[in-house]
Amino acid sequence: CETCSKEAAKYRCPRCMKYSCSLLCVKKHKLALSCNGVRDKTAFVSVNEFTDLNLLSDYRFLEDVGRTADAAARHPTVYSPSEKKLLNCLRNRARRCDIDLRMLPVGFTKRRENSTTFNFMEKKFYWHLKLIFPHCCSEYTLEGVPDDKTLADILKPYIDPVESDPVVCQRLKIYTASPQSDVRILMKIENRKQNSVRYDELDASRSLLDNLKGKIIIEYPTLFVVLKTLKNDMVVLGQDASEAAENSDSESSSLSSMEEGEIRDSS
């Protein structure tokens, strides 16, 4: 047994391949290694260790994927005319407000939980909004947020020392104890490379609609509430030296290529 090292092993964990002698040792190893005991169907297997059982397992895994994809394609909302009409309406209204609103396929979590609507009488969006407080590892979901509400008013129930809920205030005490001038609201810029994540800094005194103009929104806005002194790992667009260096390098390379082209033309 690899847990107690006393008794002969009787069981082998399908996930981490650890040997155990009893149910107690099985539970101990799961707790110590954060192992769920479920075999990882996508785990890497070298060619030398690949057997017929691995081949059969891969075949069954692909069959399960095919059934799941087929079930998603048969979902009633995929071809629902009313659903398509609603999504097209939201996209068109957002485009009129200079917002590039994009929807995910059916089955994605953000597609299922999105509750954004547009009120034709008021000509106003009521957004599904997610607030993430990374310094406290907390996040909150808001529904029906009017687009004319300022970001400062949206955050008051969470980080305002007076108006916030006592339970929320205690959970987010690092924010409530900091000066309001140190609070920054960031939103991730979509359609960038994974190794080039950047954020836009939003203006808390302006409305949600004004802050979303000119930006790409996938399903609904997700706002990161950070503190000025602790946001070192979140790079704001236009405020990092490395990006400026990259731009200057690209400009210099383009200029050098243009000069080389001129030299060739003159020769």
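Backbone N, Cα and C define each Cβ position, glycine as well.
A TrEMBL annotation is a machine prediction, not a hand-curated record.
Per TrEMBL, compositional bias 'Low complexity' is recorded for 241-258.
Annotation comment: TrEMBL describes 1-35 as domain 'HIT-type'. For the domain 'HIT-type' (1-35), DSSP puts the residue distribution at 11 helix, 4 strand, 20 coil.
Taken from TrEMBL, the feature region 'Disordered' covers 241-267.
Residues of the same chain that lie 6 or more positions beyond the ends of the domain 'HIT-type' (1-35) place no CB under 8 Å from a CB of it.
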